[in-house]
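Everything below concerns the one structure shown next.
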Amino acid sequence: MRRWGALVLLLVVAMAASLCLGVRPVSLSEAWQAMVAPDWSDPAHVTILSIRLPRLLAGLVCGAALGAAGMAMQALTRNPLADPGILGVNAGAAFAVTFGSLLLGRADSGVLAVLAFPGAAVASVVVFGLGGGLRGDATPVRLTLAGAAFAALLLSLISAVVMMRGDTLEVVRFWIVGSLAEAAARPLTAMTLAALAGGLLALALAPRLEALALGAALARGLGTRPGSTQAGVLVAVTLLVGAAVALAGPIAFLGLMAPPIARRLVGGALRPGLLAAAVIGASMLLLADTLGRLVFAPAEIRAGVMTALLGGPAFVLIARRLGPGASA
Amino acid sequence: MMRTLVLLALLLVATALALLLGQVPLSVGALWQGLAFGDGPAALTVRVLRAPRVMTALGAGASLGLAGAIFQSLFKNPLASPDVMGFTAGSGLAILAAITAGLALPLPVIAAVGGVAAALLVAFAAGRPDEGITATPALTVVLVGLGVGFTATAINGFLMTRLSGPEAAEAQRWLAGSLSARDFGHGVEIMAIGGALALCLVPQVRALRLLELGPDLAMGLGLSLARARYGLAATGIGFAAAAVAVAGPIAFVALMAPPVGARLLRASDPGARLAAAAGAGAIITVLADLAARALVPGLVLPIGIMTGILGAPYLLWRLSREMERGDL
């Protein structure tokens with residue numbers, strides 16, 4: 001219980017920091033005033049309501065979705081290196097958005113955001129299949145290499161599109177490195193609902209997924225159908241990652257870092273793990289975003305860069321812990 | 001013998017095609033006139049634009065092929081190439097950092113420093129403390145290398161945000177790997193450095209041959225294992241860094257060239273396989289660059305995008321084959 005208290009405290013601190021810190025610092029009481037009694041002639045209130053609050057909400061949804069998606073993917077693939085960024089799901093979503101903006105011209109961001117879902121879905125199925133997941137013999141090395149190769153292919157194609165059409169560069173630059181800076185212009189309500197649906201589906205499937213981790217034969221004996229469970233989890237991951245990408249672009253490594261911390265705090269069970277990973281993911285993204293706003297103020301470091309700076313070394317740490325048996 | 005001639009013929013055909021074709025296709029007569037006498041309508045295109053570019057592509061491609069062959073042979077693993085393991089990303093990061101900081105050192109030196117730093121980092125992070133890098137499973141090294149590459153890419157993304165608009169566009173092109181606007185200085189540079197490294201490599205071929213017999217036998221035949229391995233690794237990093245210094249971190253050539261060369265030459269001796277990898281690397285790079293600048297009318301893509309589009313499916317195919325054979 002104390003650990004859940006610590007998690008909630010972490011989240012509250014991250015939310016307060018995200019609301020109050022920035023180029024123009026705002027005190028907590030002033031932020032509260034802005035929310036309960038908005039005064040649109042006060043620039044501090046405008047900052048809070050039209051910039052920081054949407055950003056905070058987008059960060060909450062996006063970070064929680066990525067943390068939970070990472071947890072679900074790691075349970076599904078039994079791979080501690082699984083992450084929507086590493087397994088190419090982010091790249092799939094970004095690819096779909098890029099080609100959408102090429103074909104539709106300067107369509108509104110709501111239409112483009114929806115394209116993130118089919119992109120994420122196709123990429124997650126392709127990488128899962130190429131990595132041997134459908135045959136049930138995926139290993140961390142297979143999945144990671146398949147994901148890295150698929151992401152490299154998609155990123156090359158994205159770069160080619162960007163160079164072909166100069167005007168897509170400004171649209172696409174945003175999608176390559178994720179950030180919360182443009183959150184105010186994103187379809188927040190719809191994406192929150194999508195992420196919620198994905199999260200609930202993952203929570204509902206958690207017991208079956210745990211049974212599946214015992215092996216396909218044993219899972220069948222326990223009354224679980226492996227195929228439909230895998231498909232359901234992929235749908236959940238797609239909803240979670242698609243919503244996150246639509247809100248903030250591809251943010252890598254949150255899904256890698258949140259689950260091990262969550263497991264350490266609340267143990268190995270999947271349902272509490274999903275919740276804890278969501279809280280940790282949201283806190284980390286908000287802190288990364290706030291830090292990125294402060295370090296080189298008034299210039300910003302995009303949140304995706306901040307998480308990747310942490311996540312690359314984290315990936316190395318986890319990879320070297322895998323024994324030769326896990327990687328061979 | 002026959003196969004050696006085929007390889008040489010392919011190399012010549014690729015070079016001739018690269019000189020003839022492009023945004024403006026030339027006739028053979030015009031090419032000859034421009035190249036040999038420096039006059040006629042094609043003189044400028046051939047002498048200033050295409051010949052230096054093709055020369056640089058040949059040198060960089062051969063260097064990358066050799067770097068890949070050395071590491072794949074050292075680790076006895078087709079995935080252990082300097083681009084997959086993050087060495088070229090390290091070189092790229094060092095050069096971008098030097099550009100950002102306004103450091104005036106020769107690019108090959110900076111690229112070599114970055115490559116060596118990345119390689120040491122991989123060796124340090126992947127090595128078991130008691131036995132060192134040589135006892136670590138190759139796939140763990142590959143995974144850790146991927147992580148180091150992710151980190152370097154993240155820092156590159158951060159540095160990109162510190163540059164002004166035009167600088168960033170130029171750096172973006174450079175980071176993808178590009179042969180645009182090369183002059184004969186670049187061609188001479190890569191040929192000279194590559195040639196010097198090849199001279200260093202010749203006496204080490206015997207060590208490579210012995211190492212492939214297995215460490216015990218090699219030691220029995222009087223080889224100092226550590227010295228041989230470090231010497232070969234240093235030469236391989238040198239080749240990769242030299243290529244990055246003139247052409248940027250072109251992806252996947254070092255990965256693809258050795259197996260393609262081995263297929264063309266069907267040689268089992270390490271010396272012949274190295275030569276085949278160099279030839280294949282040069283052919284792949286020249287043809288990929290030709291495709292990058294001639295495929296889309298009115299648009300010259302960076303070569304790295306083309307090798308990404310070609311190389312990523314190759315890596316995926318390679319993965320699925322390794323999996324079928326149960327090697328991965």
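Backbone N, Cα and C define each Cβ position, glycine as well.
All TrEMBL annotations are machine predictions without curation.
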Checking feature assignment: transmembrane segment per TrEMBL, candidates B:50-71, B:138-159. Which range matches? B:138-159
Near the transmembrane segment (B:230-254) in space but 6 or more residues beyond its ends, with Cβ under 8 Å, are 56-57, 59-61, 63-68, 70-71, 74, 81-83, 87-89, 91-92, 95, 106-108, 110-112, 114-116, 119, 174-179, 182, 186, 189-190, 193-194, 197, 200-201, 204, 207-208, 211, 281, 284-285, 288, 302-304, 307-308, 310-312, 314-315
By a Cβ-Cβ criterion of under 8 Å, what residues six or more beyond either terminus of the transmembrane segment (B:84-103) are in contact with it? 71, 110-115, 117-119, 121-122, 141-142, 145-150, 152-153, 155-156, 159-160, 162-163, 167, 171, 174-175, 237, 240-241, 243-245, 248-251, 254-255, 315
State, in range form, which of B:109-126, B:274-292, B:299-317 has the highest count of Cβ pairs under 8 Å to the transmembrane segment (B:138-159). B:109-126
